[in-house]
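Chemist: Okay, here's the structure, questions in a sec.
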Amino acid sequence: MNLQRFPRYPLTFGPTPIQPLARLSKHLGGKVHLYAKREDCNSGLAFGGNKTRKLEYLIPEVLAQGCDTLVSIGGIQSNQTRQVAAVAAHLGMKCVLVQENWVNYSDAVYDRVGNIQMSRILGADVRLVPDGFDIGFRKSWEEALESVRAAGGKPYAIPAGCSDHPLGGLGFVGFAEEVRQQEAELGFKFDYVVVCSVTGSTQAGMVVGFAADGRADRVIGIDASAKPAQTREQITRIARQTAEKVGLGRDITSEDVVLDERFAGPEYGLPNDGTLEAIRLCARMEGVLTDPVYEGKSMHGMIEMVRNGEFPEGSRVLYAHLGGVPALNGYSFIFRNG
């Protein structure tokens, strides 16, 4: 497997830290040892996050093609679009963001705070569109690309989550390689990796990266899309494409893709009671914040798996914290009392 042959434009600080979640582990019985890899602390560009790691492999193509405008899409509180806006500002490029109404939730300030507020401050052309949630290609995004061309610009198309893109899985192949280096320093290997999944390329990259040492099925995706069949198909397809691209040397099978569907409800972007309990518990045990859309759901999943005895005693579990905390501001009413 060879990731080095792909050009990478550095947007992150370097390897992200691995932090023991000692108090949370003890609170949950002390039989499973929890750690977090802090992708939420990976960059100085508008709080960074998992999409910033992915964008490192897209930006060389942007520059090689002479593009002047990054065009991306997400929900109103999209972390993806905030990270694309930050990278565009960093590179001196224009940015057009399509922000669709993906979440069936209303808050007095939902479209004026958090991620979308930061994108506006970063100078992006933010376009609100009423269309609902989907993880496929969108007409509104195609129209935004065409509008840039019509104005004489040269757009570069970045799909939701950087996912359905030929290079979208590479960043998290690199994540797995980085974990292996850190495991050598720590003197032990992680038995499981827990990660949130929606558009698919984060888990897909991990599956490929950890397949290199036989741990593909130890990557446990926690679905937050509430459309698990679509998410599972996308993870599998992107993983297969990425495996071929990096020369993994074997096919990715359905058995390699583990996606837990229990924690996504009631629907995308809406937290359930377990999500909210997990957000508060992690915050109060570790001082680590998670969000109601993504990381709160994957944290809920990991906590419940520990409580249910689904990890063997003595297991070391690595929680991939992908970022997303700015979205908390969009849910101010839910958290009005903390």
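Placement of Cβ uses the backbone N, Cα and C atoms for every residue, glycine included.
As annotated by Swiss-Prot, active site, nucleophile applies to Ser78, with the evidence given as sequence analysis. According to Swiss-Prot, the feature N6-(pyridoxal phosphate)lysine maps to Lys51, an assignment based on sequence analysis.
For the listed features, I'd like the structural context: burial, neighbours, distances.
Modeler: Residue density at Ser78 (active site, nucleophile): 28 other Cβ atoms are found within 10 A of its Cβ, drawing on all protein chains shown.
The 10 Å shell around the Cβ of Lys51 (N6-(pyridoxal phosphate)lysine) contains 35 further Cβ atoms across the protein chains shown.
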Chemist: What three-state class does DSSP give Ser78 (active site, nucleophile)?
Modeler: coil
